[in-house]
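Okay, structure first, notes after.
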């Protein structure tokens, strides 16, 4: 499974089901494995090697797959690499610098299976199987630091802390702006609360004025007049007739203060709507993604070359991951692609999928594919290491070198070099942005027409009411005339 495969074809459904079943079997046998092999955790070679014994070695290296930014390509000669114009990747650079210091030579071999390998029935397969049982010395790649792997191989000091991110296709701007300026600052629940408060206050006010009629000679209002009083106060209009009792005045005053707060909030929300440059996401975080998948709004998309990440989802005890695994394993709401770039191409053409992949790669392509969105959540985090054959005399030396590279920022630099190279090769790839931001809803006649519609609605109501009043008035006069 090569990274060069950039088509948008999904992995066969039968292969997907087989892969998920393998993960479930591994999950079921996990406790048995830990108990059986726990004693091997502390088994290691006590032999120490001098630095002079490491010089001039020849190491056989197996490469599971091309995996940027760790293995960008397979070098023909590691001593003739141009790391500036053509960065080879973090792992290859680690091997290159060690070769320069120790005069090492490498024999690189691409794995035919192009899989890292897992422990099945006490036997390793894939690249780990070849390292453990074959005559290979190193696996060139960023291997996830796992307990079972550390028992059978020498894993170096972690050179990178990798997190996965969530990428979705930006929603197309299909929203209606007819009532945006009126309704968007408040949710429908707030408008319902306002309407309910006006109606409730109307009823209470009518009851109070009726009770106080014979006590304070209180002004009397009909239900319609009472309703209009509280609606007018909400719009900050003055009253032509003030109530006489303190009870009614307090009720009106408190509603007036509440209305001021509501209108201030409305104004602030309206200002933020056009002033704050925010991106509109289909969901906000990982939990939102899981709920969207449960509701069948989205389908999970992953790279089939990373079964360890699928295992992390299956083995997690967190409720959200349990729900996600249920949707993947039971409801089959997951699709797989062969390679990261295939996932990018697929999600571009299928907006109902959400792509979960290494965050550093998503960040690179987020700057190229401007119709994509990356959520802020980081998930499925793990340490990456370089596996050596168990008892290798080189693993400790490479671990020391990795610590030094991390302290001096070389690991981050090598990742940044790959990002720079990708950007330099794709300067014209992203020429428009389909991300829906507040700039897309900047105030224009198409967005402000909601307020115009409110005014026209009021004019129409006024015309209807005045016609009704004229008809009623002349009808009464005619009735009196013919009596």
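For all residues, glycine too, the Cβ spot is worked out from N, Cα and C.
As stated in TrEMBL, the feature transmembrane segment covers range 254-276 out of the listed 139-161, 162-184, 254-276, 277-299.
Range annotated as transmembrane segment by TrEMBL, chosen from 88-106, 107-125, 221-239: 221-239.
Feature annotation (TrEMBL): of 50-69, 190-209, 310-329, 330-349, the stretch labelled transmembrane segment is 190-209.
Residue counts of the domain 'Ionotropic glutamate receptor L-glutamate and glycine-binding' (72-133) by helix, strand and coil are 24 helix, 10 strand, 28 coil (DSSP-based).
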